[in-house]
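Residues or ranges marked as abscisate binding site by Swiss-Prot: K63, 91-96, 118-124, E143. The disulfide bond annotation in Swiss-Prot covers C29-C159, C34-C159 and rests on experimental evidence. What Swiss-Prot lists as region 'START-like' is 27-178. For 87-91, the entry in Swiss-Prot reads motif 'Gate loop'. Here Swiss-Prot flags P64, I110, V162, L165 as site 'Involved in ABA binding', drawing on experimental evidence. Annotated site 'Involved in interactions with PP2Cs' per Swiss-Prot: P90, T154, in sequence order.
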Amino acid sequence: MMDGVEGGTAMYGGLETVQYVRTHHQHLCRENQCTSALVKHIKAPLHLVWSLVRRFDQPQKYKPFVSRCTVIGDPEIGSLREVNVKSGLPATTSTERLELLDDEEHILGIKIIGGDHRLKNYSSILTVHPEIIEGRAGTMVIESFVVDVPQGNTKDETCYFVEALIRCNLKSLADVSERLASQDITQ
């Protein structure tokens with residue numbers, strides 16, 4: 001881990017990327033919290049990946065643990081969504097607020113404000129960046145978070161659990177995006 005980003009930050013863009021990560025993925029982490037960031041490289045163009053990520057009202061399009069989502073009001077900054085979680089996880093619902101949606105910089109920020117789970121004071125930032133993978137348009141996705149460490153758990157246990165969820169979401173995002181990109185190429 002370099003500057004809290006798995007896989008390092010200097011690989012794509014050098015110092016510019018390090019500065020970008022420090023600017024957009026810096027979370028104020030209190031004593032009882034943990035924070036981390038993960039990187040996923042996707043073999044699909046940015047516009048396609050962003051079209052999935054930006055849909056605050058439809059996280060189930062790529063998040064495998066979401067069965068249903070209801071947005072209260074229009075999907076704009078400050079909007080709330082009620083997410084139903086599939087069985088098998090230690091939760092059934094999560095109430096989340098859209099904190100940031102920047103279509104020019106490709107930044108999405110979400111804060112969990114309720115639900116029947118242990119992710120208290122959870123806040124995440126997801127950014128999407130163009131890159132070239134194997135000579136084609138690709139996308140680098142960075143997702144960072146901060147969350148309270150539940151009583152009875154360690155920082156390492158909490159980070160491990162949240163990182164596992166994010167890895168699943170990012171893998172699914174890559175699978176869906178790459179499938180859609182291959183359909184675009186063949187059509």
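Just so it is clear, glycine is given a Cβ too, placed from its N, Cα and C backbone atoms.
Proximity of distant same-chain residues to the motif 'Gate loop' (87-91), defined by a Cβ-Cβ separation under 8 Å and at least 6 residues beyond the stretch ends, is recorded for 65, 115-119. Taking P90, S94, L119, S123, V162 as the recorded positions under consideration, the smallest Cα distance to I110 (site 'Involved in ABA binding') is found for S123. For the recorded positions given as C34, I110, C159, V162, L165, the lowest number of other CB atoms within 10 Å of the residue's CB is seen at L165.
The average pLDDT the prediction assigns to the motif 'Gate loop' (87-91) is 75.
Around the Cβ of T92 (abscisate binding site), 14 further Cβ atoms fall within 10 Å across all displayed protein chains. Only V162, from the recorded positions C29, C34, T154, V162, L165, place their Cα within 10 Å of the Cα belonging to L119 (abscisate binding site).
Among the recorded positions K63, N121, L165, the residue whose Cα lies closest in space to that of P90 (site 'Involved in interactions with PP2Cs') is L165.
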